[in-house]
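Novice: Grabbed the feature section from TrEMBL, which reads as follows:
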- B:27-108: domain 'Manganese/iron superoxide dismutase N-terminal' (DOMAIN)
- B:H52, B:H100, B:D189, B:H193: Mn(2+) binding site (BINDING)
- B:118-220: domain 'Manganese/iron superoxide dismutase C-terminal' (DOMAIN)
Amino acid sequence: MSWSSCGSSSVYSLSSSILVANDPSSKLSKRRFTPNISQPGWKQRRDSSHNNGGVSKVFGYYGLKSPPYKLDALEPYMSQRTLEVHWGVHHRGYVEALNKQLEKNDIFYGCTMDELIKVLYNNGNPFPEFNDAAQVWNHDFFWESMQPGGGDMPTLGLLQQIEKDFGSFANFKEKFTEAALTLFGSGWVWLVLKREAKSLAIVKTSNSINPLVWNDIPITSLDMWEHAYYLDYRNDKAKYVNTFMNHLVSWNAAAVRIVRAQAFVNLGEPKIPVA
Amino acid sequence: MALRNLLIRKTLATPPLGILGFRSLKTFSLPDLPYDYGALEPAISGEIMQLHHQKHHQTYITNYNKALEQLDDAMSKGDASTIVKLQSAIKFNGGGHVNHSIFWKNLAPVREGGGEPPKGSLGWAIDNNFGSLEALIQEMNAEGAALQGSGWVWLGADKELKHLVVESTENQDPLVTKGPSLIPLLGIDVWEHAYYLQYKNVRPDYLKNIWKVMNWKYASDVYDKECPES
């Protein structure tokens, strides 16, 4: 898949907007954001990164998505302070770095985030933008993988699939915890649905790599970079992982993801009792 | 002959591989810091030093000893695949022990000479290789800030090519993994645990401040010993 074939018609509308922003004679380029643009047909995107005043060439293509809960909602398991720094500084930093890199090199415009990550990964020889793009995606996914009042157990189809692929939920939990604790350095632990094998698996990745690069479908994840737990747990990784499994992981989110995944992966017929 | 039989610990169920006679397993222990935990303030906080030394370094040593024990066991059983499987744990935990042991020595409180620029042959070598001490510091800081994930930045001396290098290694890989003739003179730990509590994600600030407690005397001593009359 060549990287120039990212997206479709969105590329064209985007490049027309880029032309507007770069054209010094255009009145629009002097303004940061004007909601009521009188000229019909011009689409101006919101500039989500800081403006340097005057001609704005920065094109805020990706924005920082808020977690689906307030920053103090995960207390006492993940402190507000951690969310403030992890989301507000780290995650935001990745978004801004990505936008800055993309503005220099618009061949990657027009991709969805999923496509962008695969394209930037370049089959194991990643472009420099890969790290930021992947970390933006990873953190979006991570916030959504947690919820206040999380933990407990999955139910229905997801539980059945876990029991099918791991024997029991307890065994899955043990394997997931073990994977998290034996990861060397920075990285992530994932529960993925493997497309080819049509089964769930636990995967460890280093730094910013995620299972999208192997075309697998992530179901839930755990951030094992030290910045994710250091403020709350210092070096006590085991406590952090156990707290995640018992109080933070959102099986609701995981259930939604595996349901969606079944549009792409055939997990077999459900057992419908014969009348 | 009788003495040899006496020295062999395991039974001769499998024939000993050549000269694998007597070998007692030496375990490693946490070296003491040559200064108090709070002595490097305000460049590195006492809390970080304590956690870093007592928890992180100790964990590497504990796991290193465990891996070595398992290796010893596998070697005497002739279990080839386990021997290979243990290599990554040994590289990681052993590297962690080696690297941190160097790290404690290449830091020093200001009142004991921390931050004082190098003189003598190392000073000359730095000027020859990098132009100036400032240029070296800038290069190391840039390399450290750019490192993705966890790792180390090193000032190393190449014994064979007789010059200084700036290298970075990932995770706990020791400098020697980048070149067998490389000797570490100074290492900066850029794992998040080394600075997070104090600097959060602002790694460049940590890198800027750590030079204030850098023990150039240690680096000079190592350099003089390993690369004499350069």
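Including glycine, each Cβ sits where the backbone N, Cα and C put it.
Note that TrEMBL annotation is computational and uncurated.
If you look at the structure here, what lies around each of the features I listed?
Specialist: B:D189 (Mn(2+) binding site) is surrounded by 24 other CB atoms, counting those within 10 A of its CB over all protein chains shown.
Taking H, G and I as helix, E and B as strand and the rest as coil, DSSP gives the domain 'Manganese/iron superoxide dismutase C-terminal' (B:118-220) the counts 52 helix, 25 strand, 26 coil.
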Novice: Listing the binding-site residues B:H100, B:D189, B:H193, which lie under 8 Å (Cβ to Cβ) from chain A?
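Specialist: Qualifying residues, whose Cβ lies under 8 Å from chain A: B:H193.
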Novice: Per DSSP, what is the helix/strand/coil residue tally across the domain 'Manganese/iron superoxide dismutase N-terminal' (B:27-108)?
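Specialist: With helix first, then strand, then coil, the domain 'Manganese/iron superoxide dismutase N-terminal' (B:27-108) has 61 helix, 1 strand, 20 coil.
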Novice: Name them in sequence order: residues not among B:H52, B:H100, B:D189, B:H193 whose Cβ is within 8 Å of the mean position of the Cβ atoms defining the Mn(2+) site.
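Specialist: Neighbours within 8 Å of the Cβ centroid, excluding B:H52, B:H100, B:D189, B:H193: B:H53, B:H56, B:H57, B:F103, B:W191, B:A194.
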Novice: Which chain-mates of B:H193 (Mn(2+) binding site) that are at least 6 residues away have a CB under 8 A from its CB, listed by sequence?
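Specialist: Residues satisfying the criterion: B:I48, B:L51, B:H52, B:H56.
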